[in-house]
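Enquirer: Pasting the relevant annotations from Swiss-Prot:
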type: BINDING; residues: Gly44, Arg45, Ser46, Gly47, Gly48, Gly49, Lys50, Ser51; note: ATP binding site
type: DOMAIN; residues: 12-233; note: domain 'ABC transporter'
Amino acid sequence: MNTARLNQGTPLLLNAVSKHYAENIVLNQLDLHIPAGQFVAVVGRSGGGKSTLLRLLAGLETPTAGDVLAGTTPLAEIQEDTRMMFQDARLLPWKSVIDNVGLGLKGQWRDAARRALAAVGLENRAGEWPAALSGGQKQRVALARALIHRPGLLLLDEPLGALDALTRLEMQDLIVSLWQQHGFTVLLVTHDVSEAVAMADRVLLIEEGKIGLDLTVDIPRPRRLGSVRLAELEAEVLQRVMRRGHSEQLIRRHG
C-alpha cells in the first residue's frame with residue numbers, strides 16, 4: 001500500500017491552488033485539507049470551479065500554481081489510487097458488462113470483477129451488453145469499474161444527475177454503503193444541495209474560485225429523509241448560494 005494512504009483513504013492537501021484559462025481565473029489560491037476517508041460534497045453555481053477541482057485531482061489537468069498533495073506526496077505520483085465517475089457511465093457498447101468492469105486490467109481479473117459486480121448488485125448481469133441495462137444499472141457498472149481498482153480516492157462528477165428520483169436515492173444509499181465498507185476518500189460534485197447534505201460528512205461551497213462555505217454535516221447515519229436537521233443544513237447552504245447570486249445581480253444593476 002502506498003505510504004500516502006491512511007486508513008484505506010487518500011488524505012488530500014491543496015496549498016494555494018490556482019487554475020487559469022487565459023485571463024479567466026477559475027480557482028484562486030484555494031486552500032483545502034481533506035482527511036483520509038472523509039466524504040465531501042462540493043456545491044456551487046455553474047462555472048464556479050467545482051468540476052475543475054475534480055479534474056485537477058484526477059490528473060486530467062494541472063494547476064497553474066500551488067500544490068496538490070496526498071499527505072506529503074504529490075497526488076500526481078499516486079494517480080493509480082484515484083478513480084472518477086461521470087454523469088455518463090462511459091461504457092463500451094461492444095464489450096460485455098464484466099469486460100467493461102475489467103477494462104484495461106491484465107492477468108486474472110475476472111473473479112475480482114465478479115466481486116465488484118456483486119457489491120453493486122449486478123452479479124447476474126455480467127455477460128450482458130450495456131444496451132440491455134437501465135441508466136441506473138449502467139452507473140452501477142461504472143461504480144464497479146472504479147471499485148475493482150480499490151481506490152484511495154473516488155471522484156464523483158454529477159454521477160446521478162441523469163437518473164430518475166427513486167433510482168437516484170438507491171444509488172445514493174449504495175455509494176454511501178460502499179464508502180463505509182471500504183473507507184476511501186470521496187469528493188462528490190453535485191448541483192443538488194439535498195443530495196450533498198444527505199450523503200456527505202462535509203459540504204463545501206465554491207465561490208469565485210475559493211471556499212465560500214465549509215459546513216460539517218453533524219447528523220448520524222443512517223440519515224432519515226425529511227429530518228428537520230437535514231432540512232436546516234440544506235437551507236443554510238441554499239441561503240448562502242442565493243445571497244451571493246442576489247449580490248451579483250445588484251452589482252450588475254447598479255454598476
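Quick reminder: no glycine exception, Cβ is built from N, Cα and C everywhere.
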Enquirer: Pick from Gly44, Gly47, Gly49: which of these binding-site residues has the biggest number of other Cβ atoms within 10 Å of its Cβ?
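Expert: Output for this query is Gly44.
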Enquirer: Secondary structure at Ser51 (ATP binding site) (DSSP, helix/strand/coil)?
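Expert: Going by the DSSP assignment, Ser51 (ATP binding site) falls within a helical segment, counted as helix.
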Enquirer: Of all the binding-site residues given, Arg45, Lys50, which residue's CB has the most CB neighbours within 10 A?
Expert: Lys50
Enquirer: Please name the residue among the binding-site residues Ser46, Gly48, Ser51 whose C-beta has the most neighbouring C-beta atoms within 10 angstroms.
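Expert: Counting Cβ neighbours within 10 Å, the top one is Gly48.
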Enquirer: With the ATP site defined by Gly44, Arg45, Ser46, Gly47, Gly48, Gly49, Lys50, Ser51, which remaining residues of that chain have Cβ atoms positioned within 8 Å of the Cβ centroid?
Expert: Thr52, Ile206
Enquirer: Compute the average pLDDT of the predicted model within the domain 'ABC transporter' (12-233).
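Expert: So the average pLDDT across the domain 'ABC transporter' (12-233) works out to 94.
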